[in-house]
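Q: Residues or ranges marked as compositional bias 'Polar residues' in TrEMBL: 1-21. The domain 'Acyl-ACP-thioesterase N-terminal' annotation in TrEMBL covers 1-124. The domain 'Acyl-ACP thioesterase N-terminal hotdog' annotation in TrEMBL covers 135-270. TrEMBL lists 296-363 with the feature domain 'Acyl-ACP thioesterase-like C-terminal'. The region 'Disordered' annotation in TrEMBL covers 1-29.
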Amino acid sequence: MVATAATSSIFPIPSPNQDSGAKNAKLGPGSAGLGLKSKSVSGSLQVKANAQAPSKINGTSVGLATVESGKNGDDMSSPPARTFINQLPDWSVLLAAITTIFLAAEKQWTMLDWKPKRPDMLIDPFGLGRIVQDGLVFRQNFSIRSYEIGADRTASIETLMNHLQETALNHVKTAGLLGDGFGSTPEMSVRNLIWVVTKMQVVVDRYPTWGDVVQVDTWVSASGKNGMRRDWILQDCKTGQILTRATSVWVMMNKLTRRLSKIPDEVRGEIEPFFMNSPPVVEEDSRKLLKLDDKTADFVRTGLTPRWSDLDINQHVNNVKYIGWILESAPLPILESHELSSLTLEYRRECGRDSVLQSLTAVSVLISAIWEAMAALSAGTCSNLRKELRL
């Protein structure tokens, strides 16, 4: 065993003025002292070391040679005796090589390990969704993006509605029923049929914020003889708190004649195995919407026209776009101090690319701090909306 002890003193960097002289240093078999004179008169560097070494290694006597240093600072010494110790490999090089191999392997494993580390994303790692609960419920996760939030730092109602629509389409796709249309089944595509929503009710308990991960569950049920009901529950992935509940009624329309159609038996045979026997997640709002016009409306916004990006694959304005139009006529002070808590949409006619609309709103106070606004899009009467705003 070799035991070593060392002490050192370090002083400021020497100045250009230096002494060219140097003292000799001697190494003894039991201890070593090394003195260096500074090149500057204002500082010095002194190192002292003590070392102990065994007199014999593997039966061979080992000693330390005495080395005399020359005036020019060059050391002259005889080569050490070949022993078992100094013939061992350089372990530091070997350790560095092993470390490099392990780091490279870890990097490759990280690239292959696609699974996310966040527990709330392990349910749906790719965000594609999956079928749960005996094949009747479709589940998909969404992360709220920075471009999906509004001035109040929370997700907009349009964002939530888009998530509902996305899960509905992905449900049809994952179930293997997607034809060449916007959620149409193969039998629907053969008959030029598409789904159109006639009514939608949404209740928002809390809006998610930027970075939140939400889980959306959706399923379908029968609605009358020629309709289908779709429900959604949107909840916080971490806490499980229900954020939004929504229910809707859908019917079929011929995309060539633009007229409503009954559900053919062939189509019914495709979709009925996925029907779930459950009540709506939102109690039906059966109140009759009053007709608004320029005289009965408190606020009117005119000259609303669809943009090209407002149209969907069915060549009409997407159902989510109406909400933004209807809110255009809502009083700004109410929008700044309240949030949309519930809405009931009734879609009566479709809007095309050439439609010109006006948004009308009538406001009334239900109870303290709760306002109700009735709004309508006229000049085509594409849809009517009842919405409640709350603090």
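Each Cβ is built from the backbone N, Cα and C atoms, and glycine gets one as well.
The shown structure was predicted, so the numbers you read here are calculated from the model rather than taken from an experiment.
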Q: So how many of the residues in the domain 'Acyl-ACP thioesterase-like C-terminal' (296-363) end up helix, strand or coil by DSSP?
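A: Tallying H, G and I as helix, E and B as strand, the rest coil: 16 helix, 24 strand, 28 coil.
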Q: Per DSSP, how many helix, strand and coil residues does the domain 'Acyl-ACP thioesterase N-terminal hotdog' (135-270) have?
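A: Taking each residue of the domain 'Acyl-ACP thioesterase N-terminal hotdog' (135-270) in turn, the totals are 32 helix, 59 strand, 45 coil.
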